[in-house]
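Over in Swiss-Prot, the protein carries these features:
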- C50-C65: disulfide bond (DISULFID)
- C57-C70: disulfide bond (DISULFID)
- C64-C77: disulfide bond (DISULFID)
- L81: leucine amide (MOD_RES)
- 1-21: signal peptide (SIGNAL)
Amino acid sequence: MKASMFLALAGLVLLFVVGYASESEEKEFPIELLSKIFAVDVFKGEERGCRGFGDSCTPGKNECCPNHACSNKHKWCKVYLGK
């Protein structure tokens, strides 16, 4: 009984959101709605200034992230263990 009530309520909420979104003329409405619901801006990508584990690199340049080092043999960043 509780599960069916929850399912019915979730269906009504979904129907309301879809109906409201179809009336909206803005193309970015779903992204704006989700960012307001979760109060985070996860839809904008961020560029990292360094290269992480397994990324290609050039030995001698400081391209890898902290605690990583560029392997002279394989030419990719790997974890630096301090040896």
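Here the Cβ of each residue, glycine as well, is placed from N, Cα and C on the backbone.
Structural mapping of features recorded in Swiss-Prot.
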| residue | record | DSSP class |
| --- | --- | --- |
| C50 | disulfide bond | coil |
| C57 | disulfide bond | coil |
| C64 | disulfide bond | strand |
| C70 | disulfide bond | strand |
| C77 | disulfide bond | strand |
List the recorded positions among C57, C77, L81 whose C-alpha is within 10 Å of the C-alpha of C65 (disulfide bond), in sequence order, or say none.
C77
Non-local Cβ contacts of C50 (disulfide bond) (under 8 Å, 6 or more apart, same chain)?
E63, C64, C65, P66, H68
Around the Cβ of C77 (disulfide bond), the count of other Cβ atoms that are within 10 Å:
21
The residue listed as 'leucine amide' has how many other Cβ neighbours within 10 Å of its own Cβ?
7
Rounded to an integer, what is the Cα-Cα distance in Å between C57 (disulfide bond) and C77 (disulfide bond)?
6
Here the disulfide-bonded residues are C57, C64, C65, C70; which one has the lowest number of other Cβ atoms no more than 10 Å from its Cβ?
C65
Take the C-alpha atoms of C77 (disulfide bond) and C70 (disulfide bond) and report the distance between them in angstrom, rounded.
4
